[in-house]
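Participant: Just dropping this structure here.
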């Protein structure tokens with residue numbers, strides 16, 4: 001058995017989704033061992049409602065152990081249950097027609113807690129309040145006399161930096177989630193701006209988009225790469241106490257490309273609710289595109305690099321073709337203009353990943369824009385090629401799920417810094433493939449990834465704060481460390497196991513552990529237990545597809 005993710009707390013041998021399962025879904029638990037005859041026990045009266053036998057054990061390379069799976073899909077009556085096997089018990093879980101409604105609410109509400117430039121007040125924030133922060137103007141790096149409004153937006157992660165690329169990815173995930181699964185956002189999320197007309201997911205997303213608009217250089221149309229202090233503040237510093245100077249880092253092609261992409265997407269989504277805002281977004285996107293035209297892609301451009309005196313997250317990316325591809329795809333879908341279509345076709349002929357949905361490799365967003373756009377306007381051959389490539393990638397992930405002991409697409413080499421983003425981005429792609437192909441099995445595989453996130457993993461841990469009976473409690477998140485509140489801010493997705501052991505805490509406690517067990521629930525572990533907006537955003541997208 002692998003060591004626990006939390007100090008002094010051993011994982012249970014039987015792991016389940018600690019929130020539960022829909023009645024009509026495949027239901028599987030994973031046992032770390034040889035398995036045998038199991039029972040599913042109803043909590044209310046202790047009655048065993050189902051008996052079965054686990055499948056033969058198989059060696060799971062990523063976790064370093066043999067595991068046995070138990071299938072209890074036949075259990076469909078709503079209620080609370082646990083699995084019993086060889087004298088062991090699993091966590092309690094529910095079978096419910098809508099087991100993830102509160103989770104979806106929490107994942108989305110987390111973005112309110114990431115807000116910068118405003119105070120978080122008790123009617124909306126509960127005990128996790130703080131005063132207004134980072135309201136001062138920022139300095140354009142290299143131009144000490146040039147100051148600009150820098151307020152608003154979301155803190156990127158466990159620190160207080162704000163970054164254009166990651167912010168664009170996070171906002172895009174929320175916009176696409178609403179565009180494809182609006183039914184998932186009917187439960188109100190109380191926000192200061194709630195008006196009963198515009199869905200709260202779009203209200204929250206607009207808070208970030210308004211800040212992103214401030215990241216466009218008024219002189220050139222390009223987007224500043226990031227807005228941060230020169231150094232990270234100490235781990236227990238609250239947002240309002242971080243008063244160091246803020247700097248707009250130089251414009252980059254990657255930031256400008258994804259800025260154009262998310263603004264064109266926003267123009268389309270907000271058109272129904274606020275035409276003036278949609279017009280602002282589209283004008284900003286088109287101005288950013290003009291900057292990209294004046295600064296063509298070049299293999300000699302290394303992308304943004306931190307200046308020597310800047311130690312905050314670099315988010316470097318030497319390839320900007322994927323961001324340009326996304327921008328062209330969204331602008332074409334939103335405007336129908338032939339010039340954007342021609343640019344998209346040319347970029348599609350270049351070699352770069354076209355099905356990735358990360359903050360660096362963003363080609364998947366361009367592919368989604370094209371596949372979900374007006375079919376009659378598309379190049380039929382290109383559309384067919386992109387669709388075939390998408391489904392080929394989905395099949396590759398499906399094969400990986402079949403080979404993995406925990407039924408996810410993660411292989412040992414995928415347990416990297418932010419492995420839960422890898423997990424969730426792949427679940428996003430599977431859901432897109434399900435919509436494109438009509439194949440329900442892809443959606444079912446995406447749900448297996450949700451089960452992993454919520455506790456059906458070798459460490460028996462839910463990687464979402466506040467959700468599950470054994471959830472992350474000590475994230476690398478400055479407000480959760482410094483606010484004096486016992487519980488962490490809820491609804492935050494932790495980065496997950498990281499075989500690279502890229503911080504001192506992991507180095508001290510996790511040497512020699514298999515990849516899937518390289519996680520410790522400790523606030524000092526920034527390489528495994530930090531939280532970010534772009535780990536929460538794909539979770540919102542994925543879970544939205546399982547909320548009725």
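Using the three backbone atoms N, Cα and C, a Cβ is placed for every residue, glycine included.
TrEMBL feature annotations, pasted as is:
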| type | residues | note |
| --- | --- | --- |
| ACT_SITE | 476 | active site |
| ACT_SITE | 521 | active site |
| ACT_SITE | 530 | active site |
| DOMAIN | 13-90 | domain 'Cellulase Ig-like' |
| DOMAIN | 100-542 | domain 'Glycoside hydrolase family 9' |
Participant: Count the Cβ atoms, other than its own, that fall within 10 Å of the Cβ of residue 521 (active site), considering every protein chain shown.
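Facilitator: Result for residue 521 (active site): 23 neighbouring Cβ atoms inside 10 Å.
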Participant: To what whole number does the mean pLDDT across the domain 'Cellulase Ig-like' (13-90) round?
Facilitator: 97
Participant: Please report the Cα separation of residue 476 (active site) and residue 521 (active site) in Å, rounded to an integer.
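Facilitator: Checking the Cα atoms of residue 476 (active site) and residue 521 (active site) gives a distance of 9 Å.
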Participant: Would you count the other CB atoms within 10 A of the CB of residue 476 (active site), including those on all shown protein chains?
Facilitator: 24
Participant: By DSSP, how many residues in the domain 'Cellulase Ig-like' (13-90) are helix, how many strand, and how many coil?
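Facilitator: Taking the domain 'Cellulase Ig-like' (13-90) as a whole: 0 helix, 39 strand, 39 coil.
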Participant: If you measure residue 530 (active site) to residue 521 (active site) at Cα, how many Å is it?
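Facilitator: It is 10 Å, counting Cα to Cα.
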